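Peer 1: Here you go, one structure.
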Protein chains: 2
Amino acid sequence: MTTDTPDMRTVHVALGSRAYDILIGGGLLASAGDTLARRFPGARAAIVTDENVAVRHAATLKQSLEGAGIATATITIAPGERSKSFAVLQQVVDEVLAARLERGDVVIALGGGVVGDLAGFVSGIVRRGMAFVQVPTSLLAQVDSSVGGKTGINTAHGKNLVGVFQQPGLVIADSDVLDTLPEREFRAGYAEVVKYGLIDRPDFFAWLEANWRDIFSGGSARVEAIAVSCQAKADVVARDEFEAGDRALLNLGHTFGHALEAATGYDSARLVHGEGVAIGMAMAHRFSSRMNLASPDDAARVEAHLSAVGLPVAVSEISGDLPGPERMLDYIAQDKKVSRGSLTFILTRGIGRSFVARDVPASEVLSFLKENLPS
Amino acid sequence: MTTDTPDMRTVHVALGSRAYDILIGGGLLASAGDTLARRFPGARAAIVTDENVAVRHAATLKQSLEGAGIATATITIAPGERSKSFAVLQQVVDEVLAARLERGDVVIALGGGVVGDLAGFVSGIVRRGMAFVQVPTSLLAQVDSSVGGKTGINTAHGKNLVGVFQQPGLVIADSDVLDTLPEREFRAGYAEVVKYGLIDRPDFFAWLEANWRDIFSGGSARVEAIAVSCQAKADVVARDEFEAGDRALLNLGHTFGHALEAATGYDSARLVHGEGVAIGMAMAHRFSSRMNLASPDDAARVEAHLSAVGLPVAVSEISGDLPGPERMLDYIAQDKKVSRGSLTFILTRGIGRSFVARDVPASEVLSFLKENLPS
């Protein structure tokens, strides 16, 4: 049992037979072995990680696991989105099988979103499903990608088009490991924290406006921000595990954001995912205001907070050339969340009042893009 | 609604939100378009098939689908077990994505077990799960592999080690297409029909003893045999979808059978799966008798029926050299169904009284193998 304190929180994801806990707090990495030994008695483990994370954290985790009597193989992939490929998938699958792990054994994802997406997919298909544990080491992964069970790889046809829904059996989010993140990466993850406030938690957004500096510096405010974010995502996922409806709310800022990521060729020097989401959220609020759904004051408030933490809010903040409005609309329409050709957006009636808008007229989007894109 | 007649049967697989029907009867291929249009309104389809089946049946199915207004792409793979590979998986995934199919669209497996296993896996991972329909064209696929949701590919580490549980939304088993099967392949599929009698349906086994010639020649006896087999498998799967317990009963004859397949290098000229299962079932009954669990008369009765239809019942019926008993025990112990090093077998207390026996002493198995293998 875990007793919640300001420095240690447990979020329960209520998914029936696939329910699981998210443990959040400082120092959890070093005690992960005991935690896993209690929850997966007799299991062995494969740690999947990338070269960057391995240097910082793999020894701590491996030592903790083996200290708790859990035999552990470590599988290291190259860092970056390019590892979300069929080739690396097959390689990691082969290494898990070579380690002779069985169905009750555990695949552990130690890393950010790429490692989690890939290792989760591997755990979902080896022996038609092994146990899976997420140990996210980026803020983005702790508050977003490690929760909800989406896993996958990219193909030439687009990102995340191949994968499975594979819920972890446990998520261990050590808030201290975020101290080693580059500031830009922490900020990008913070965009997703803001998103939960903007979807349906206006009080949380106000709390973020007041406390964001404490979150960036660590301690109990950071634990609180992660816990509320995980709870927010868990609530949506529990309502709609397989993305048939409400789960689309989590795409707030993502339709514009994904289009911008595609338009910049997924070049992280120009734009990382969380920055695209920040601009996308600002645009979603401005677009909602333009459609007379929300007050321009709300859009201004969102921009003010994102700007205060150092996140971009306008397309003009992206370096280099961008395609024109028509081409950008193509990127939006190719987004896989666009159902059967109609344009679906997450729009808002104000701070914390987002909703799924289907059949948004493409002409309105195009006019808006013309106003927002540098000419 | 389908009204059951002697020539047209519906078996319902009760899996809650993943429940589905198996339609069984002659001529169903030509009416598949209307069936799908009713059950998947507005969906498009990709038919995955192999070169041999394509020649005989792809045009009939495609014409039926397009006649019902279902736009259809056809993806053809090479026949045979070697197509259950990462390379072919990636190729089919790419072709489904290139056809721009979305989550609600349907992947149709038109073929035997290889096509079903591969196409099912594809449908389970493209966009994290598309709709899936099985149109099995072999007896083995109609009574076994198309029911129950196991999909997958092979790796250097073993068969079916990578895949997902992906239940179809519908199975269409046209009993007339079996007329085009080579006799040896029909017989091999029939071994799995016998298996259901031996697991827990002694009356069905007795009915098979009396009626097998009618099943081989077609008509309502064949429809009945397929329907009872599907119902038997559906009952087990409904009790244990993810193979945590009882589903292991379906492996009757398969532990010995898989070892024999491996020992013959999966050379179908020497042994096909159903033949391995036939020998395996005969061995499982002899071994049960040797362990004083069942009467030798039951083992003799099983052998008599399998022999009557032309199936092998002894290792000596396999052409060419085989490894010795110790090596064969290694093949058995490597079987993925062997949990954590202990030997698990499906044994029996008599016709239709099979059970899961865990911790079978390896020494007993070795002694039995020494008696049964040609020296």
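Keep in mind that glycine also has a Cβ here, set from the backbone N, Cα and C atoms.
Pulled these features from TrEMBL for this protein:
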type	residues	note
DOMAIN	A:75-187	domain '3-dehydroquinate synthase N-terminal'
BINDING	A:GLY113, A:VAL114, A:VAL115, A:GLY116, A:ASP117, A:THR137, A:SER138, A:LYS150, A:LYS159	NAD(+) binding site
DOMAIN	A:189-338	domain '3-dehydroquinate synthase C-terminal'
BINDING	A:GLU192, A:HIS254, A:HIS273	Zn(2+) binding site
Peer 1: Within its own chain, what residues at least 6 apart in sequence put their Cβ under 8 Å from the Cβ of A:GLY113 (NAD(+) binding site), listed in sequence order?
Peer 2: A:SER138, A:LEU140, A:ALA141, A:ASP144, A:SER145, A:HIS273
Peer 1: Taking the Cβ of A:VAL115 (NAD(+) binding site) as the reference point, list residues of the same chain whose Cβ is under 8 angstroms away and which are at least six residues distant in sequence.
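Peer 2: Correct list: A:VAL48, A:THR49, A:ASP50, A:VAL53, A:ILE77, A:ALA109.
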Peer 1: How big is the gap, in Å, between the Cα of A:GLU192 (Zn(2+) binding site) and that of A:ASP117 (NAD(+) binding site), rounded to a whole number?
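Peer 2: Taking the Cα atoms only, A:GLU192 (Zn(2+) binding site) lies 17 Å from A:ASP117 (NAD(+) binding site).
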Peer 1: Would you list the DSSP helix, strand and coil counts for the residues of the domain '3-dehydroquinate synthase N-terminal' (A:75-187)?
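Peer 2: Per DSSP, the residues of the domain '3-dehydroquinate synthase N-terminal' (A:75-187) fall into 47 helix, 31 strand, 35 coil.
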Peer 1: Rounded to the nearest angstrom, how far is the Cα of A:HIS254 (Zn(2+) binding site) from the Cα of A:LYS159 (NAD(+) binding site)?
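Peer 2: Distance between the two Cα atoms comes out at 13 Å.
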Peer 1: Give me the Cα-Cα distance between A:HIS254 (Zn(2+) binding site) and A:ASP117 (NAD(+) binding site), rounded to a whole Å.
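Peer 2: Cα-Cα, rounded: 18 Å.
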Peer 1: Using the recorded Zn(2+) site (A:GLU192, A:HIS254, A:HIS273) as reference, state which further residues of the same chain have their Cβ within 8 Å of the centre of those residues' Cβ atoms, listed in sequence order.
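Peer 2: So the additional residues around the site are A:LEU140, A:ASP144, A:ALA191, A:LYS195, A:GLY253, A:GLY257, A:GLY274, A:GLY276, A:VAL277, A:GLY280.
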Peer 1: Determine how many residues of the domain '3-dehydroquinate synthase C-terminal' (A:189-338) DSSP places in helix, in strand and in coil.
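Peer 2: Tallying H, G and I as helix, E and B as strand, the rest coil: 109 helix, 0 strand, 41 coil.
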Peer 1: Name, in the order they occur in the sequence, the residues of the same chain whose CB lies under 8 A from the CB of A:ASP117 (NAD(+) binding site) and which sit 6 or more residues away.
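Peer 2: In sequence order, the residues whose Cβ lies under 8 Å from that of A:ASP117 (NAD(+) binding site) (at least 6 apart) are A:LYS84, A:SER145, A:LYS150, A:THR151, A:GLY152, A:ILE153, A:ASN160, A:GLY163.
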